[in-house]
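See structure below.
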Amino acid sequence: SQASFEEDNQKQAAVGRWKPLMPSQGSKEEAETGCQDAGGVGETQSAEQLNVSRLRSSSVEIREKGSEFLKEELHKAQKELKLKDKECERLSKVREQLEQELEELTASLFEEAHKMVREANTKQAASEKQLKEARGKIDMLQAEVTALKTLVITSTPSSPNRELHPQLQSPSKAGFRKGHGRNKSTSSAMVSAAGQNVTPQPVSHEHKEVDSILFAEFQAWKESPTLDKSCSFLDRIYREDIGPCLDFTKQELSELVRVAVEQNTLTIEPVASQTLPVGKVPAEECGGPKKCALSDLPRTCKHRITLGDSGNYYYISPSCRARITAVCNFFTYIRYIQQGLVRQDVELMYWEVMRLRREMSVAKLGFYPSEM
């Protein structure tokens with residue numbers, strides 16, 4: 001197209017440049033007219049050439065600008081394509097990462113679910129086992145509570161039941177029993193207090209008046225019963241009754257007896273003629289049938305005590321036994337109150353506590369019944 005356009009321009013230029021070789025001699029006017037026509041044709045041809053050159057230059061410029069524009073567009077398209085490739089690559093990596101995380105999460109969830117099922121089965125088995133044990137313990141405790149209530153009803157510090165407690169029988173009757181009787185302070189000390197009681201006087205024959213301070217202390221303790229001796233109720237009784245009542249000549253042994261009474265691990269049993277088991281401490285080192293281990297005086301000892309599981313026997317005189325059992329009776333009664341086994345009015349419980357304090361006061365002065 002461009003080549004044909006140039007050939008046409010060249011042909012036109014060649015035609016415009018043609019001149020006659022010999023002008024006709026017939027007329028000058030025709031020659032002059034011919035010259036003028038030739039000059040006009042030359043000017044036309046030069047204008048056409050100028051236009052052609054302009055068109056040619058403009059087409060070159062257009063072509064160059066179009067080429068540059070196309071290059072820029074191509075460069076932009078390449079850039080966008082690279083960016084899209086990078087984005088696709090990034091999204092592909094994200095998808096792979098998400099798929100991997102999803103697989104790991106699914107596996108961990110299944111593993112955790114299996115673990116929870118195993119733990120639940122284990123806990124269920126342990127709970128069932130504990131439930132069976134708890135039911136067994138409940139049945140046992142209910143039986144113990146029933147027996148203890150029967151004991152409280154039929155045998156109290158003021159009126160013990162000798163049928164339930166053979167150790168309260170006279171030594172002649174107790175001698176027919178094989179071996180020797182053992183009883184913890186929670187029961188022996190409680191019921192053996194009957195030996196200390198002189199013939200009880202009817203309540204109506206006694207004149208009593210409630211001490212407001214002592215009663216207030218007892219009421220405060222009754223609201224939240226505890227065996228902590230830091231409370232005002234027990235602190236007073238420790239100072240006025242328990243401490244003096246358990247203050248014997250042998251101070252070290254007296255302290256051990258007090259701790260055993262507080263912890264409910266003291267045992268009192270009548271003296272038997274059988275030989276001590278192998279491994280027990282000899283009686284001579286802990287007093288003896290003719291010497292009290294607490295007072296360190298020559299006395300006829302009808303009973304002996306053991307402190308916890310030590311296995312040591314300490315022979316005690318009737319007076320020392322009366323003092324120990326008086327304190328044990330007091331602790332047993334307040335333990336009953338603490339455990340909710342005493343169903344009485346507050347004032348009646350207060351007077352029972354005062355009676356037990358009176359027993360400790362009488363015992364610490366050396367008075368004891370002949371049955372001791």
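Cβ from N, Cα, C; glycine included.
Keep in mind that TrEMBL annotations are predicted by a computer and have not been checked by a curator.
Residues or ranges marked as region 'Disordered' in TrEMBL: 1-58, 156-203. TrEMBL lists 43-58, 156-172, 184-202 with the feature compositional bias 'Polar residues'. The feature domain 'GDP/GTP exchange factor Sec2 N-terminal' is assigned by TrEMBL to 60-150. TrEMBL lists 67-151 with the feature coiled coil.
Remark: secondary structure over the compositional bias 'Polar residues' (43-58) totals 16 helix, 0 strand, 0 coil, with classes taken from DSSP. Across the domain 'GDP/GTP exchange factor Sec2 N-terminal' (60-150), the DSSP tally of helix, strand and coil residues reads 91 helix, 0 strand, 0 coil.
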